């Protein structure tokens, strides 16, 4: 059974006298920096000159270049996109680390897949809120918090666990509960969830349903409503009450269809495909492909993205969403995973 830590389980003074540098000031960086500051932690921000730099200054932080921040800090939290971390680490962070520092991440990708190899004389740990930055910030302001994960990769000081928990507490995570994991488990389950269910699996299911209806002669507008628009209603119920609560809230007809038709769509073959996806994550195949794709400036990524954006479901959806002013738009880049823009 997973171990969960709350505020009362965590030492108060572990971060006292420690200067924490937040590297990156996107969705997560913004939330971490403000929450830490309001928890009494000595915080600075390291970011490249530009919009994020100015925004961090406007929020009242001491702002430096990444290299300058890294040179001052005792604790460095790297909150940059996965694909940017290695370059920034190699060029601006690595040579600034001193023995006894803490190198912290919110996702284990680069450490687990050996893109970043920390020196042997620093603590390395992970603190990962299970929610987007704006939610981490909003719940903190409300006196609550978002559950978080923590993991220890390297404990030189003998206090890495205490430091990780203290950090999680300072951003509000221990108000909701902090769960212990490993870099391997966090990285592999996070990637699998994104690929097989939350992003890849879901978008493919939605498109397949839409195409099935339109190819059978149904109007694309109705197909959009049935296969995409109404998804939020169901997901919200699942989010709040689980599968049981969702099924309680829908009609008996819908529930019966769930029971008898769902397993026909997501059958044993789909599960075998999921296992293959997991294997590619575990053995590093996916990571290698993504790293190489970025090294050659993303030709496949960009081509697929452009093609997907012109799928009929997108063309129809843009028009229908204009009819619904209650649907919030314009937040395409709000970070919903742990990585944040710098």
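Keep in mind that glycine also has a Cβ here, set from the backbone N, Cα and C atoms.
Swiss-Prot has this to say about the protein:
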DOMAIN    2-181  domain 'KARI N-terminal Rossmann'
BINDING   25, 26, 27, 28, 48, 52, 82, 83, 84, 85, 133  NADP(+) binding site
ACT_SITE  107  active site
DOMAIN    182-327  domain 'KARI C-terminal knotted'
BINDING   190, 226, 230  Mg(2+) 2 binding site
BINDING   190, 194  Mg(2+) 1 binding site
BINDING   251  substrate binding site
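Note on proximity: among 190, 226, 230, 251, the binding-site residues of the record, the Cα nearest residue 25 (NADP(+) binding site) is that of 190.
Recorded residues residue 107 (active site) and residue 27 (NADP(+) binding site) have their alpha carbons 14 Å apart, per Cα-Cα distance. In the three-state DSSP scheme, residue 84 (NADP(+) binding site) is classed as helix.
Taking the Cβ of residue 194 (Mg(2+) 1 binding site) as centre and 10 Å as the limit, one finds 16 other Cβ atoms among all the protein chains shown. Summary for the binding-site residues 190, 230: the Cβ-based neighbour count within 10 Å is maximal at 190. Helix, strand and coil residue tallies for the domain 'KARI C-terminal knotted' (182-327), in that order: 123 helix, 0 strand, 23 coil [DSSP]. Closest to residue 190 (Mg(2+) 2 binding site) in space, going by CA atoms and restricting to the binding-site residues 48, 84, 251, is 84.
Here the CA atom of residue 251 (substrate binding site) lies 15 Å from the CA atom of residue 226 (Mg(2+) 2 binding site). Its Cβ taken as reference, residue 25 (NADP(+) binding site) is surrounded by 31 other Cβ atoms within 10 Å in the chains shown. Counting in whole angstrom, residue 48 (NADP(+) binding site) lies 40 from residue 230 (Mg(2+) 2 binding site) by their C-alpha atoms. Ranking the binding-site residues 27, 84, 251 by the number of CB atoms within 10 A of their own CB puts 27 at the top.
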